[in-house]
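K.L.:
If you scroll down you'll find the structure; I have some questions about it.
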Amino acid sequence: MSETANWQPSAAIANLLKRATILAEIRRFFADRGVLEVETPAMGQFTVTDIQLFSFQTEFVGPGAADGMTLYLMTSPEYHMKRLLAAGSGPIYQLGRCFRNEEAGRYHNPEFTMLEWYRPHYDMYRLMNEVDDLLQQILDCESAESLSYQQAFLRYLDIDPLSAEKEKLREIAAKLDLSNIADIEEDRDTLLQLLFAVGVEPHIGTEKPTFIYHFPASQASLAEISKEDHRVAERFEVYFKGVELANGFRELTDSHEQCQRFERDNRKRAALGLPVRPIDENLIGALKQGMPECAGVALGVDRLVMLALGAEKLSDVMAFSITKA
């Protein structure tokens, strides 16, 4: 073994002690509100179809799987937790490890801790209020402000994202010195995401957390489409100090619509040369059985701890980041 082996933790022990205190505080927050802590598999037979997410894949070759069984490390506990909701669990939360085969850096690590919770009979706004309560308790920050996706674009880019044509989006991109990317991009949502990341995100959540809600319906993911305005989805994200902290939905409960969205994702995957994913029939079965109307949110715990401690990067609050794993 090399005498210079870098064996020490990524984070200072003092930071890990503070992290443990925050995790205990999160658990108290939900215990006080009667929300049940659950544990679901870190590996499963199905994974997400979302073209923006990349899973780790492995093969199980134990007894009963001589030909191999493809398994995926979970990018989120969402599908399993929804099956619990359909089985009658009531309100639930989970603090668990998730895995994404994507980037590693200041705000990203392939293995990370996710806080995810679901509230039957909550709408999007009521869940946003609960997220705000948690952030105030953990971060000792002001109450959050809220802007619709449309309001944010109008305020910072003077453009309506729900009606603007692709050519108009490219014009705005040019003003942000993004022509080299935008001019060859044909997907409207990718253009919107580019403008949001460069033209909106730097301006929001600087002094207090900011909720952005009512994303375009084309970016609904697993959220319901708004009954008041079919152009938007009942989806929100939370930003603070340059960091995206959470992503929440009023959850889609229609099994047929969910199956159609999975199939649409797979068509996009095929067009992009990405692997087509098997549709999670267990989730579809749970939705057919009847998952209660609910709202749910996923929050990055490592990022939350980083902000709470005033740290500069995730590795400052993780025992061993990927470079030391």
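Every residue, even glycine, has its Cβ placed from backbone N, Cα and C.
Marked as substrate binding site by Swiss-Prot: SER76, PRO77, GLU78, TYR118, GLU251. The ATP binding site annotation in Swiss-Prot covers ARG100, ASN101, GLU102, ASN109, GLU244, LEU245, GLY300.
Help me picture these features in the structure, burial and contacts included.
P.N.:
Note on TYR118 (substrate binding site): other Cβ atoms within 10 Å of its Cβ, all shown chains, come to 28. TYR118 (substrate binding site) falls within a strand segment according to DSSP.
The Cβ of GLU102 (ATP binding site) lies under 8 Å from the Cβ of LEU53, PHE54, HIS108, PRO110, each of these being in the same chain and 6 or more residues away along the sequence.
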K.L.:
What whole-number Å value do you get for the CA-CA distance of ARG100 (ATP binding site) and SER76 (substrate binding site)?
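P.N.:
Each residue's Cα considered, ARG100 (ATP binding site) and SER76 (substrate binding site) end up 9 Å apart.
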K.L.:
The record names SER76, PRO77, GLU78, TYR118, GLU251 as the residues that bind substrate; what is their largest Cα to Cα distance in Å?
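P.N.:
It comes out at 15 Å between the most distant Cα atoms.
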K.L.:
Closest to ASN101 (ATP binding site): which of the binding-site residues SER76, GLU78, TYR118, GLU251, going by Cα position?
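P.N.:
Nearest candidate: SER76.
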K.L.:
May I ask which of the binding-site residues ASN109, GLU244, LEU245 is closest to TYR118 (substrate binding site) if we compare their C-alpha atoms?
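P.N.:
Going through ASN109, GLU244, LEU245 one by one, the closest to TYR118 (substrate binding site) is LEU245.
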K.L.:
Given the binding-site residues ASN109, GLU244, LEU245, GLY300, find the one whose Cα is closest in space to the Cα of SER76 (substrate binding site).
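P.N.:
Minimum Cα distance from SER76 (substrate binding site) across ASN109, GLU244, LEU245, GLY300 lands on GLY300.
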K.L.:
When you average the Cβ positions of SER76, PRO77, GLU78, TYR118, GLU251 for the substrate site, which other residues in that chain have a Cβ within 8 Å of that mean position?
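P.N.:
So the additional residues around the site are TYR79, HIS80, MET81, LYS82, GLU116, GLY296, ALA298.
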K.L.:
Between all pairs in ARG100, ASN101, GLU102, ASN109, GLU244, LEU245, GLY300 (listed as ATP binders), what's the biggest Cα distance, rounded to the nearest Å?
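P.N.:
Roughly 19 Å, rounded to the nearest whole number.
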